[in-house]
Structures are given as structure tokens and as C-alpha cells.
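**Student:** Take this structure first; my questions come after.
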Amino acid sequence: MAAVGSSTAEKYEIPTIKSKDKMESADDTSRGETTDTESSEPEIATNKKALWIASFVMLIAAIENTVVGMSEWPYMNQIDKEADAQFFGAATAASKLFHAVSALVFAVWCHRYQTFQIPLIAGRLIAFGACLLYLCVEMFTDGRRYVMAFCYILFGVASSSSTILRAYVAAISTHADRPLAYSGLQAATMLSIIIGPIIQAVFSAIEYPGYQLIHNVKFHIYSAPVWVAAGTNFISIAVIRFALKELPRRAKKEMKKNQSFFTITGVRARIEKVSHMEINWRIVVLCWLQKMNATLSVVTLTTMTSVILMTNYGLSGNKTVIAMSLTMLVVGLFAVGITALYFFCHLGRHLQQRYAFLFGLIIFMSMYFFTYPWPQVSNPVPLYNATADVGCNPEAYSWCDTSYAPAFPLLLAVIAVVMGIGIPLSNVALDAIYSKMLGSINQSVMQGAMIVAEDVILILGPIYSSGMYTYYGFESLWMWNGIIVAIGSVLWVAHLRRLAQYS
């Protein structure tokens, strides 16, 4: 692609650098140094049109993830009886592992070749391929769980391309508007939680096995939303290609200074560059740890909720999908309300983000307390029904005879509050603090590092949660998660004073 001139830079609301002094200041900034010239530069205005477009691209990708995620375990359990909770956890972990690796690849790709469009389009093409394979999974006569696991991996790779949008919105927004900018991406994700269940509800009457379109390619409650998701990829590609504008490219002379990331010399150069950055590494590490802490609850809910509903409450696959759809619909309504307060009412300017994140952690802790299966107010888990393959199977879970389940409406209500209020509140707050702390440096790689910190839990979390649930039950999983969130809360409180300048 040709270099972008000054007129194009003005179109994107990114200032051009004309004087020799400013060119030197820009070089210093690329090394992570802060100069007097840079500090005297007026901050550019936030490009709200570009924020809307980036949020829409995120929305399309998130809808696909939502509609697939709601029926993953019920569908796998339906078509391959050899699949169990631990395999499902391992498959989810594999998806997140490839997501983490791919996030770094997309971040380096974006940074090295100065393009957002091409990586984003590549991600949508991979997602389309994953949808096609998912829809054809029943064409395989054996080992369908492994085919589905491979689909999860492809979906993980595809969704990782959207992570570079974090760097994109950081580049087109001011520090003061950073909570607004990230709330747009968060709103897109949460809006998908409304749209996804609606799509699922439209097809809820088509029970499995549904209608056969061609040989073992069927249209039913589990596959119908994926047909819709496959088509949305082309809408996303069109928006990326024709509406999402690239940022001005760096000069070729500057690019030659940046050696390949995959060489020893290049790695050394980047280590030296990072060491000269004026970054508060203590807060960086704190943000990474808190992202992992908050993500643990998200992983537990997204991985285990469907398993818990079918095992601890005896729901069928169809009823599980419907129950999760209704719950996620409420989650989306709550979440959109929270993110709308950031986006339209500028909540980030009135509420200190360090306290907003702490409040999110308190909500997480409340979930583990109020939905813990206290024997006095809970019910024994239902006996296993071999015909319907629901209920607690003592051959798979040794704790069936002694375990309890909290009231079903209470569990779903608390999950709705946690995912609809706690998660968006904590995510927007932590993203805003992290981005403000990084300042005006190119944030592509550091935002990629934040994604990797999150993916550590996204990878290990499903294995931990499914293993803890399988061997020790719902009670132990909830107890240890509550303890971990409590420790993270204490650590955050200990740094409240240091976080004041970034709130």
C-alpha cells in the first residue's frame, strides 16, 4: 500500500509531522521515550466515527462467538456420547491456546506491516471456514468430538484477529476519552449477547435432529444460528474493506530501523526499546494479574454453566440452550446499559476507574457467596437419567450422592448480574487504566501482551474448572474461585493510591 500523505492524515484526524524537530520527537516516541516536544503537542480529537466502525466490526465477530458458545456442550454431548466435561474443558483450552498465539501473530502482523484491514479480513475468512466445518461435523461417522474441538480452535484463531482493534481505538482516541473508546468495543461484545440469544430463540422450536439439507448436514436448534453466523462474515469483510480506514503509515526510513521480531537481533532491539520506555511496570503487572483474576470467573461461567445445568439440574440439551439464551439476553440488556453510560454519559469521566474495577470484583465475590450450594437452602442434585443422558452420573462424578445445587432461578439471576454488570464494568475500567498508563506509545505489542495475560487463564481455566468440577464438585469449584477473587481484591485495594493518577 502506498504511504499516506498529509491530506489523508487529516482525514483520519491524526496530525501530520512537518518540522525536523517534530520528526525527531516522533522517532523518540517510537523508542518509548518522552520528549519536551511531544509533551507540548496538543492532543488530537477522538475520531468517533472510526470508533463506531471498529465497534461494529467487533460486534459481528462477537455475535458469531456467542451463538456458537451457547450450544457447544449440548451439541457435543448429543452427537458424541464419549465426550465428557473434561474433554470439553480440554477442547476449550486448546481453542484459547491457539487464540493466544494467534493474538501475538496478528499484533505483530498489524504493527510490522502497518495494516489493520488485512489481518481483520483474514480472521473473518478463517471464521467462515470454521462455520462450514462445524455445519458438516455430522458427516463424520466417528470421533466427532475431535472435529468439533478443531472447529473451536479455528474459531479461537479467527476471534484473535479482532484483538488488534484495541490498538486501533487507542490510536484514534484521546486519553480522556479512552474509557469511552473501550466501552464501544465492550458494548459491541455485550450487544452480541442480546442478538445471539435472539437468533437462538428464533430457531429454538427446531429440536434436534431437525431437517436434513444434504447428507448428514442438518438444520436444527444447534446448527441454525451457525448458518446465520457464517453469512455475517461477508458483511464484516465488506465493512472492514470499505469503511474501516487505515492509520497513516510510518516512513520507510523509520521502518528499516525495526528489525524482524523473529531474529535474535530483532528480539534484543525490542528488549532494549522496552527497557527505555517510561512505563510503570508495577502497574503493568498488576493489570495483567487482575485481568487474569477477572477472567477466571468468566471462564468458569462460560465453560461450566451448560454442564452444571445438565448435570446438577437435570436439564435436557434443548432446555439448556433455551435457559442459557434467556439468561444471556438479560445479561446483554444489563451490559448494554452499563456500557451506554460510558459511551453516551461519559461515566468514565465521573467515576474513578480504580473504584469501578473494585466494584466489579465485589460483584464476582458476591456470586460465589450467594450461589454457593449451602445445604440449608439448596437441593440435592437429581439422579442420573440414562435415557435422556441428564442428571448426575455417579460413574462419572463420585460426589453425586453428597452434592447440592442452589435454587435454579437464583443461579441464573446472579449469573445475569455478574455477567451483565460486573464483567463490563471491570473490563472497561481495567482497559482504561492500562491504556492511560501506557500513554502515547504505540500500544499494539503491549495490548497484545494484555491479551496473552488474559489467555493464560482462558487456556488453563477450562482445564482447571472442568477438572475441579469433575473430581470435587460444584462446591469446591465455587469455594476456590471465591478465594482467588478475594485475594485479587485485596491486592487491588493495596494499590488504590498508586492507581489514582490513571483513574
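Glycine is treated like the rest: Cβ placed from N, Cα and C.
Pulled these from TrEMBL:
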COMPBIAS  15-34  compositional bias 'Basic and acidic residues'
REGION    15-42  region 'Disordered'
TRANSMEM  50-67  transmembrane segment
TRANSMEM  87-109  transmembrane segment
TRANSMEM  121-140  transmembrane segment
TRANSMEM  146-168  transmembrane segment
TRANSMEM  180-206  transmembrane segment
TRANSMEM  226-244  transmembrane segment
TRANSMEM  296-315  transmembrane segment
TRANSMEM  321-343  transmembrane segment
TRANSMEM  355-374  transmembrane segment
TRANSMEM  407-430  transmembrane segment
TRANSMEM  451-472  transmembrane segment
TRANSMEM  478-496  transmembrane segment
**Student:** In terms of Cβ proximity under 8 Å, which residues at least six beyond the ends of the transmembrane segment (226-244) contact it?
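**Tutor:** Same-chain residues near the transmembrane segment (226-244) but 6 or more away: 50, 53-54, 56-57, 60-61, 63-64, 67-68, 116-117, 120-121, 124-125, 127-128, 131-132, 134-135, 199, 219.
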**Student:** I need to check the long-range neighbours of the transmembrane segment (180-206): which residues 6 or more away from its ends have a CB within less than 8 Å of a CB in the stretch?
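**Tutor:** Non-local partners: 46, 51-52, 54-56, 58-59, 62-63, 65-67, 70-71, 165-166, 169-170, 172-173, 219-221, 224-225, 228, 318, 321-322, 324-326, 328-329, 331-333, 335-336, 338-340, 342-343, 346, 348, 419-420, 424, 427-428, 431-432, 435.
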**Student:** For the transmembrane segment (296-315), I need the partner stretch with the highest count of C-beta pairs below 8 angstroms, choosing only from 87-109, 146-168, 321-343, 407-430, 451-472.
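**Tutor:** Per the Cβ count, the answer is 451-472.
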**Student:** Which of 50-67, 87-109, 121-140, 407-430, 478-496 shares the most C-beta pairs under 8 angstroms with the transmembrane segment (146-168)?
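**Tutor:** Maximum Cβ contact count belongs to 87-109.
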**Student:** With a Cβ cut-off under 8 Å, give me the same-chain residues at least six positions beyond the ends of the transmembrane segment (355-374) that come close to it.
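**Tutor:** Answer is 290, 293-294, 297, 403-406, 410-411, 414-415, 417-418, 421-423, 425-430, 433, 474-475, 478-479, 481-482, 485-486, 488-489, 492-493, 496, 503.
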**Student:** State the non-local partners of the transmembrane segment (321-343) in its own chain: residues 6+ outside its ends, Cβ under 8 Å from one of its Cβ atoms.
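**Tutor:** Residues 66, 70-71, 74, 179-180, 183-184, 186-187, 189-198, 200-201, 204, 221-222, 305-306, 309, 315, 412, 415-417, 419-421, 423-425, 428 contact the transmembrane segment (321-343) from elsewhere in the chain.
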**Student:** Relative to the transmembrane segment (50-67), which of 87-109, 121-140, 407-430, 478-496 accounts for the most Cβ pairs at distances under 8 Å?
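**Tutor:** When the Cβ pairs under 8 Å are tallied, 121-140 comes out ahead.
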**Student:** So if I exclude everything within five residues of the ends of the transmembrane segment (121-140), which remaining residues of that chain have a CB under 8 angstroms from its CBs? That is, six or more out.
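**Tutor:** Cβ under 8 Å, 6 or more out: 61, 64, 68, 79, 106, 147-148, 150-151, 154-155, 157-162, 215-218, 223, 226-227, 229-230, 233-234, 236-237, 240-241.
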